[in-house]
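Input: a single structure, listed below in structure tokens.
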Amino acid sequence: MGKQNSKLKPEVLEDLKQNTEFTDAEIQEWYKGFLKDCPSGHLSVEEFKKIYGNFFPYGDASKFAEHVFRTFDANGDGTIDFREFLCALSVTSRGKLEQKLKWAFSMYDLDGNGYISRQEMLEIVTAIYKMVGSVMKMPEDESTPEKRTDKIFRQMDRNKDGKLSLEEFIEGAKSDPSIVRLLQCDPQSH
């Protein structure tokens, strides 16, 4: 029984090849690993937080992981299946900049209304600061989540309406690579 489970059905494999940037072999490899970590075939938010936390040993990644989980959980059923996992992984790891930015926008847009409010940005940025802990040295104008949020809004909120549209978000990020760094909070880019 366990044997047949470790192979994806041909139609699922074909669907994933069409909708991700992964090869047959990579998809099969990811599937094996996914089943090893999630024998049920579904990942709960608690399991996801545990796995995600392993990547950030010096901080608390649980809040940020919840936001990532919500964005991965495309159908909103409270679990991540292999298809949702691989599609999100494809965008975040191999997607073009615009795809990554759309994905990030959907994570920051907590209420799904098509805009990122200052409060939504602050919530995500605060979660990022908790996650990276004391590992990253921030410039003075980014030393707190509030300061970083203000800086992002100053640079992105073109029409000064106190919220970011998808267009403002994408244009702002494309015109200023430092914003992408601000959004990602990637320790490697410092």
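If you go along the chain as it appears here, the first residue is 1 and each next one adds 1.
Glycine too: its Cβ is placed from the backbone N, Cα and C atoms.
For Asp73, Asn75, Asp77, Thr79, Glu84, the entry in Swiss-Prot reads Ca(2+) 1 binding site. Taken residue by residue with DSSP, Asn75 (Ca(2+) 1 binding site) is part of neither helix nor strand, so it is coil. Taking Cβ-Cβ distances under 8 Å and a sequence gap of 6 or more within the same chain, the neighbours of Asn75 (Ca(2+) 1 binding site) are Glu84.
Taken residue by residue with DSSP, Glu120 (Ca(2+) 2 binding site) is part of a helix. The local packing around Glu120 (Ca(2+) 2 binding site), expressed as other Cβ atoms within 10 Å of its Cβ over all shown chains, amounts to 20. Residues or ranges marked as Ca(2+) 2 binding site by Swiss-Prot: Asp109, Asp111, Asn113, Tyr115, Glu120.
According to DSSP, the domain 'EF-hand 1' (40-58) comprises 9 helix, 3 strand, 7 coil. According to Swiss-Prot, the feature domain 'EF-hand 1' maps to 40-58.
According to Swiss-Prot, the feature domain 'EF-hand 3' maps to 96-131, an assignment based on sequence analysis. On the 0 to 100 pLDDT scale, the domain 'EF-hand 3' (96-131) averages 93 in the predicted structure.
Here Swiss-Prot flags Gly2 as N-myristoyl glycine, drawing on experimental evidence.
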Cβ-Cβ neighbours of Asn113 (Ca(2+) 2 binding site) (radius 10 Å): 10
Other CB atoms within 10 A, centred on Thr79 (Ca(2+) 1 binding site): 19
Among Asp109, Asp111, Asn113, Tyr115, Glu120, which are recorded as binding-site residues, the nearest neighbour of Asp77 (Ca(2+) 1 binding site) by Cα: Asp111
Under 8 Å by Cβ from Tyr115 (Ca(2+) 2 binding site), same chain, sequence gap 6 or more: Asp109, Lys163, Leu164, Ser165
Entry from the binding-site residues list Asp73, Asp77, Asp111 having the most other CB atoms no farther than 10 A: Asp73
